[in-house]
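S.K.: Right, I'll just put the structure down here and ask away after.
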Amino acid sequence: MADITLDEAKKEASLLRNQLDKWADAYYSKDAPEVEDNVYDQKYSRLLELEKQFPEIVTPDSITQRVGGEIDSDFTKVEHAIPMLSMGDVFSKDELKDFDQRMQKLVGHPVEYNVELKIDGLSLSLEYENGKLMRASTRGNGYVGEDVTANARYIADIPQTLPEPLTIEVRGECYMGKEAFAKLNEERENEGLSVFANPRNAAAGSLRQLDPKVTKKRQLSTFIYTWVNPPEDITSQHEAIKRMQELGFHTNETGQKLASLEEIFAFIDEYTARRDSLAYGIDGIVLKIDDLNIERSLGNTVKVPRWEIAYKFPPEEQETIVRDIVWTVGRTGVVTPTAVMDPVQLAGTTVARASLHNPDYLNEKDVRLGDTVKLHKAGDIIPEISEVVLSKRPVDSVPYVIPENCPSCGHKLVHLQDEVALRCINPSCPAQVEEGITHFASRPAMNIAGLGPKIVKQLIANDLVHNVADLYHLSAEDLAQLDHFKEKSINNLLTAIDNSKKNSVELLITGLGIDHVGAKAARLIAQKFKNLAKIMSLGVQDLASIDTIGMTIAESMTTYFAQPEAQEMIADLEKSGLNMEYLGEDEPEDIPDNPFKDKTVVLTGKLEHYTRSEFTKRLQALGAKVTGSVSKKTNYVIYGQDAGSKYNKAEQLGIPLLTEEEAIAQIK
């Protein structure tokens with residue numbers, strides 16, 4: 001550390017504490033991190049250096065003296081009988097070697113480690129009494145967490161009852177897999193909601209929901225890795241993990257008992273290379289002394305256990321050059337900048353574009369054409385510019401000028417109150433019309449097969465459609481004007497458009513593209529009020545009275561339906577013969593242990609109690625996806641009499657088989 005005076009150290013430490021407190025609060029309490037982990041870690045390490053050199057500047061409230069963030073939420077507070085401490089971090093193999101030497105010196109001999117993957121999620125404690133799950137809680141500040149028991153009951157791999165009547169506490173990590181994360185963000189995009197930046201944020205936001213039904217839909221998972229105060233006959237970490245597996249807990253099977261640094265470094269190298277191919281996010285490797293008696297003798301500091309350490313992966317970054325900044329117009333008029341760059345390989349994929357989100361973000365980063373930038377993937381998934389390499393900025397560089405006019409229609413762009421986004425508010429903007437019609441025809445909405453973005457673009461270019469109602473006035477002669485459209489393509493598209501008239505009204509509401517109103521909100525509203533005429537007559541309070549709808553959606557819907565243009569278009573749709581009624585089933589009674597929620601199910605054989613169509617609808621109402629073929633992704637096969645090849649294939653693949661009666665018994 002460079003020479004620094006006591007006064008300078010005090011001043012710098014104070015600034016660092018304030019900044020770190022702000023970042024920690026955003027990360028732990030709001031699930032909305034403001035900086036990447038490596039930036040936080042660098043600042044935290046600097047504060048530790050200062051406090052080590054000048055012990056007199058350490059304050060009791062310094063973030064180095066506590067765990068996590070302060071608790072500020074609507075959840076019941078839970079005091080941890082044994083603190084849930086965080087881990088010390090190292091960022092190089094040399095530091096890991098120093099840790100090993102320190103352990104050997106403290107213990108007096110070489111030690112064996114249980115080496116595990118560091119899962120990128122949030123810490124979770126599970127407490128059982130007489131084998132029954134009684135409480136689940138988050139880490140919080142390490143001493144006081146939040147009671148999330150109601151939500152934890154909807155995480156599929158958390159056992160609600162143990163095979164033995166034990167009173168125990170186990171701890172682990174709650175996470176969201178990459179596939180579930182991608183699915184959730186796709187759903188949120190379709191519903192006009194902001195997407196999560198990474199799986200860790202998504203997991204934290206999903207577990208800390210006031211409505212457990214939201215958690216239930218989010219497909220969270222756990223890895224359990226700690227047994228708090230295990231029985232005396234369990235003397236090591238790996239024995240504890242094996243026993244927890246036997247009790248039904250989901251543990252990570254990649255962990256290994258290793259004795260030498262060479263083996264540990266090989267493990268690190270292996271998973272540094274494999275991390276992109278894993279189904280879940282990891283941000284490092286954890287070393288724990290395997291012998292529990294040694295762990296107990298070493299104990300903890302005020303903040304971290306002495307006997308374990310986390311090796312953090314360095315962020316994978318690539319440098320590339322910004323060649324252009326393009327602006328795209330979404331269906332709601334939001335205009336978004338995207339950096340177009342020289343292609344680079346990053347975390348297993350080729351990346352040539354990264355969102356710049358909004359004008360404030362672009363200006364804050366000060367990204368310019370010709371800049372060399374550092375690119376990484378937030379949460380190993382979303383390409384993001386981390387910084388501009390100023391030393392490589394061209395000498396003739398000039399600040400980027402935010403456009404004043406819409407790139408599609410030339411209309412003046414505006415900032416609406418309380419929004420950082422730029423918007424085009426021209427309802428006839430070709431880009432918005434194109435996006436709106438494409439959305440209307442998409443699978444979550446009216447599901448008009450064959451009507452994709454390229455066809456929509458041609459329809460607009462040929463002046464055949466100006467809004468979604470015009471789709472229902474198209475003729476074979478109109479479609480014959482499109483490129484590569486022959487008789488078969490024309491007939492198929494006209495049939496698909498005609499079939500969409502029969503859709504239940506919630507699909508029409510989804511397709512209208514009303515701000516903040518996605519498929520879920522549309523279904524809830526249609527279930528409640530049954531037809532579009534009734535819905536259009538409602539006030540804000542009527543709509544907001546529906547559980548999970550809220551004022552934002554209610555105000556957006558009433559504003560939309562108050563527009564004369566919207567009323568005219570809906571009247572045109574009704575005149576064209578579109579169904580305006582809710583045709584679905586009422587929301588079924590919630591079944592706490594519903595085994596078919598978010599599962600893929602196949603029906604085979606002759607059923608006795610239901611027709612195939614009736615049972616399919618029943619399963620879909622319970623949240624199942626019913627498909628016609630058996631694959632490795634199938635979760636259950638329900639069979640009746642004379643079951644054939646599907647039954648045999650399920651047996652070969654080891655997929656659970658249920659008789660019709662067994663399936664019915666589980667959903668009564």
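Using N, Cα and C of the backbone, Cβ positions are placed for all residues, glycine too.
Note that the structure is a prediction, hence the values are computed from the model and not measured.
Copying in the features that Swiss-Prot gives for the protein in this structure:
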BINDING   Asp37, Asn38, Val39, Tyr40, Asp41, Ser86, Met87, Glu116, Arg139, Glu173, Lys288, Lys312  NAD(+) binding site
ACT_SITE  Lys118  active site, N6-AMP-lysine intermediate
BINDING   Cys406, Cys409, Cys424, Cys429  Zn(2+) binding site
DOMAIN    591-668  domain 'BRCT'
S.K.: Rounded to the nearest angstrom, how far is the Cα of Lys118 (active site, N6-AMP-lysine intermediate) from the Cα of Arg139 (NAD(+) binding site)?
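M.R.: For Arg139 (NAD(+) binding site) versus Lys118 (active site, N6-AMP-lysine intermediate), the Cα atoms are 16 Å apart.
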S.K.: Whose Cβ lies within 8 Å of the mean position of the Cβ atoms of Cys406, Cys409, Cys424, Cys429, the Zn(2+) site, other than those residues?
M.R.: Val329, Gly333, Pro407, Ser408, Gly410, His411, Leu413, Asn426, Pro430, Ala431, Gln432
S.K.: Suppose we draw a 10 Å sphere around the Cβ of Met87 (NAD(+) binding site). How many other Cβ atoms does it contain, all chains included?
M.R.: 18
S.K.: Under 8 Å between C-beta atoms and at least six apart in sequence, can you list the same-chain neighbours of Asp41 (NAD(+) binding site), or say none if there are none?
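M.R.: Long-range Cβ contacts: Asp89, Phe91, Lys312.
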S.K.: Considering Cα atoms only, can you say which of Val39, Lys118, Lys288 is the nearest neighbour of Cys409 (Zn(2+) binding site) among these recorded positions?
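M.R.: Sorting the recorded positions by distance from Cys409 (Zn(2+) binding site), the top entry is Val39.
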S.K.: Compare the C-alpha of Val39 (NAD(+) binding site) with the C-alpha of each of the recorded positions Lys118, Cys406, Cys424, Cys429, and give the closest one.
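M.R.: Smallest Cα separation from Val39 (NAD(+) binding site) among Lys118, Cys406, Cys424, Cys429: Lys118.
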S.K.: How many Å lie between the Cα of Lys288 (NAD(+) binding site) and the Cα of Cys424 (Zn(2+) binding site)?
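M.R.: Per the Cα atoms, Lys288 (NAD(+) binding site) and Cys424 (Zn(2+) binding site) stand 55 Å apart.
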S.K.: Run through the Cβ atoms and count how many others sit within 10 Å of the one on Cys424 (Zn(2+) binding site).
M.R.: 25
S.K.: May I ask for the distance between Cys424 (Zn(2+) binding site) and the residue listed as 'active site, N6-AMP-lysine intermediate', taken between their Cα atoms and rounded to an integer number of Å?
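M.R.: Their Cα atoms are separated by 44 Å.
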S.K.: Reported as an integer number of Å, what is the Cα distance between Cys429 (Zn(2+) binding site) and Met87 (NAD(+) binding site)?
M.R.: 53
S.K.: At a 10 Å cut-off from the C-beta of Cys406 (Zn(2+) binding site), count the other C-beta atoms across all protein chains.
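M.R.: Result for Cys406 (Zn(2+) binding site): 24 neighbouring Cβ atoms inside 10 Å.
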S.K.: Tally every other Cβ atom lying within 10 Å of the Cβ atom of Cys429 (Zn(2+) binding site).
M.R.: 22
S.K.: Calculate the distance in Å between the alpha carbons (Cα) of Met87 (NAD(+) binding site) and the residue listed as 'active site, N6-AMP-lysine intermediate', and round it to a whole number.
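M.R.: Met87 (NAD(+) binding site) to the residue listed as 'active site, N6-AMP-lysine intermediate', Cα-Cα distance: 11 Å.
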